[in-house]
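Undergrad: Checked Swiss-Prot, it gives:
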type	residues	note
BINDING	Gly614, Pro615, Asn616, Met617, Gly618, Gly619, Lys620, Ser621	ATP binding site
Amino acid sequence: MNVMENLEQHTPMMRQYLALKAENPDILLFYRMGDFYELFYDDAKKAAALLDISLTKRGQSAGQPIPMAGVPYHAVEGYLAKLVQLGESVAICEQIGDPALSKGPVERKIVRIVTPGTVSDENLLPERQDNLIVAVYQEKDKFGLATLDMTSGRFQISEPENAESLKAELQRLAPAELLYCEDFADMQLIEHYKGLRRRPIWEFELSTAVQLLNRQFGTKDLRGFGVEKAILGLCAAGCLLQYAKETQRTALPHIQSITLIQNNENIQLDAATRRNLELTQNLAGGTENTLASVLDKCVTPMGSRLLKRWIHQPIRHIQKLRQRQQIISEIIQLDLIGELQPYLQQVGDMERILARVALRTARPRDLTRLRTALEQIPTIKDILKNSPKFTALFQQIGDFDELFALLQQAIIDNPPLLIRDGGVIAEGYNAELDEWRALSDGATKYLEDLEIRERESTGIDTLKVGFNAVHGYYIQISQGQAHKAPIHYVRRQTLKNAERFIIPELKTYEDKVLKAKGASLALEKQLYDALFDRLLPHLGALQLASLTLSALDVLTNLAERAETLNYVAPDFSDEIGVKIENGRHPVVEQVLKEPFIANPVDLNQQRHLLIITGPNMGGKSTYMRQTALITLMAYIGSFVPAESALIGPIDRIFTRIGASDDLASGRSTFMVEMTEMANILHQAGANSLVLIDEIGRGTSTYDGLSLAWACAEWLAKKLRSLTLFATHYFELTVLPEQLAGTANVHLDALEHGDSIAFMHAVQDGAASKSYGLAVAALAGVPKNVVKLAKQKLANLEKLSQQSADQKLQDLRTINQNQGELNLMEEEDGKNAALEMLAQLDPDDLSPKQALAYLYQLKKLL
């Protein structure tokens, strides 16, 4: 049944509900009724299922019972948290009218919309990870992307250069909500994300976006932000800001600027690389044994979030990286880690508190925590003034003595959770409030005196004076003595064992006290709101201080990690290459019980592709990953696990390590592998670091070997990328003899009887054997199966007409006699076909001749 039809059949209250519901038909509506938020019809059914609450009925409307569910208003945050985690959005409808003055239903209004991407309440947010809302816009094969962190006001746009770059960015951002235009073409890029929101085309119009952004920032144009040429990014930003305003229903003063992220500012990491390197999430989807789990010992949540952003966006600005290194070195040399961290810990999550202040949703305890944060600043600055290396940090933190004094005077030490409960504003802050409170607080003494006086005058020893929220003040007498009540006692309530009365004097005092309590609460709320007015003019400076303190927390944390884990400062070079002496895997070395075997790597323009051979479990993947992680750590400004490291310019890091079926997209392991490899071959360049592990395993031996050979040759000759190429195809070890810039390295193992010991040390040259059967035995394959495999291996080797050496010699001969495929030039057949076409006059050919000519061309290709 469509409940919106024939509204006159519904009660006035239900008509009001349906009108409000029509404003937001696609999201749940929490409709305030007294001490509950009620949901009706389909919302009630959905909420009952999601929240595991009772589904009941509320009378009838239009002749039908109304499904209903409800949650208590004082416990609503827990229910909202669960719904937000499930990807639901909720419109909060409050009573804004006075029930005493309302003839019909109390006036109600939707005051905010809680969505997964725009929440700012700490109970609804993951503490140590960003909560982002993203908008994406597409024109043909070009994209615009806008990102907003409602909890900090950080607003950024970018223009991914292709679909693969967009995919990588979305994976990095992991948005809680994703807005897209209703005519978005490449839905396969975004359809698997939770929190998808389809938006109308007009919200992405450039003129609308520019107007909205200028109004937000109070500017005439956007040139001052350097974003005016990023047309597609601005289109996405306009939609995103419109959505933020629509959901928050209030000003957004903490969104004070917009930043354009240029693709060349950061090292580009595609989705496969982020996954394979296990930066903040392991391959199983958890957070254990990741790079972040080792590096992140930050003492503030905002520092932890910033460090994760650094990890996912390594920068290429060498001067900034050296500044970070210098600060880390200075913190270590001056022994400031233990001095700074206790004060930084007290700063807490200042970033998100400021967002709630800006949105005017900050609770009393938010303001006391902000006060505590401001209290730490003078001490932190006093520590930083010890070195000129800290000058920029010192200046950006600012001074907030006046704001600290204001909050110290205004808010008590341990306020209640909510302002509506009163008792938040400190005594002495406002004289009028103190007067109302004195009147209200004097009630206890007055009631004690009245009880003594009335008990003495009436001679009733069971007489008591009390109060409850329903009936107000009363005089209670037991049933056995109720007949002794004086004539001026007016009966107010009868209980099983007592009677309750009211007298004119008590009624007069009740009116006076209730008025005082009401006036006190109203004035306190007014004073609390006025605090926001006094804080907001300082919001920009406070946000800068918050960001600076976050960075100081990250740098102090990285100093602690460097000192604790024996890391060194890497050097940067203008020459292409990666040279690491005795590098270690930052995560694996923390997990291993025995000492980690450190290994060197030396990649440069003369030696840019290493063919890595050796047994499974020998450490090939660890060796490759540690090279990428050390490089990435250097480019976030961190010290690295090595004896020394010299890193040249890097623009991208690619990995092709491991694969599994992508069942959701109907792609086999081999298809996933080839897709990732194709992306590398299209995108990598001379400044790219490329890790390739066991390419070609998912098909037949000859197909796989051919593909692996061709990929290695393309990387070595055409792309000249810095490449670590692990393989079990022993045939590839002849490549260094034929390709300049290519070398063999291997990880060895020792066999003793049926046992095997992995050396984990990288050595020059190719491996002598694969040790596959020894690894199988180590894995627990039954001994008889391994024994049978050894027999089969011996038979196969005897049946082989050529020795391994002869096969390798044949490979060399084939390449020498036939010549290598020139990957940089057009094939001869294609050139001949083009020459024939150039000489052809199509008008001179009959249909039969044309068909014959087509066959000739086909033979040439």
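Using N, Cα and C of the backbone, Cβ positions are placed for all residues, glycine too.
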Undergrad: Taking the mean position of the Cβ atoms of Gly614, Pro615, Asn616, Met617, Gly618, Gly619, Lys620, Ser621 as the ATP site, which residues outside that list, in the same chain, have a Cβ no more than 8 Å away, listed in sequence order?
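TA: Along the chain, the qualifying residues are Leu747, Phe758.
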Undergrad: Using DSSP and three states only, what is Asn616 (ATP binding site)?
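TA: Going by the DSSP assignment, Asn616 (ATP binding site) belongs to neither helix nor strand, so it counts as coil.
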Undergrad: Please compare the binding-site residues Met617, Gly618 by how many other CB atoms fall within 10 Å of each one's CB, and tell me which has the fewest.
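TA: Result for the binding-site residues Met617, Gly618: minimum number of other Cβ atoms within 10 Å at Met617.
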Undergrad: Over all shown protein chains, what is the count of other CB atoms within 10 A of the CB belonging to Gly614 (ATP binding site)?
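TA: Step by step: centre on the Cβ of Gly614 (ATP binding site), count other Cβ atoms within 10 Å, giving 28.
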Undergrad: Once near-sequence residues are set aside, which residues in the chain of Gly619 (ATP binding site), 6 or more away, have Cβ atoms under 8 Å from its Cβ?
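TA: When sequence neighbours closer than 6 are ignored, Gly619 (ATP binding site) has Ile597, Asn599, Leu747, Phe758, His760, Val762 within Cβ distance under 8 Å.
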Undergrad: Just how many other Cβ atoms lie inside 10 Å of the Cβ on Pro615 (ATP binding site)?
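TA: Result for Pro615 (ATP binding site): 24 other Cβ atoms within 10 Å.
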Undergrad: Using all protein chains shown, find which of the binding-site residues Asn616, Lys620, Ser621 scores highest when you count other CB atoms within 10 A of its CB.
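TA: Its Cβ has the most other Cβ atoms within 10 Å: Lys620.
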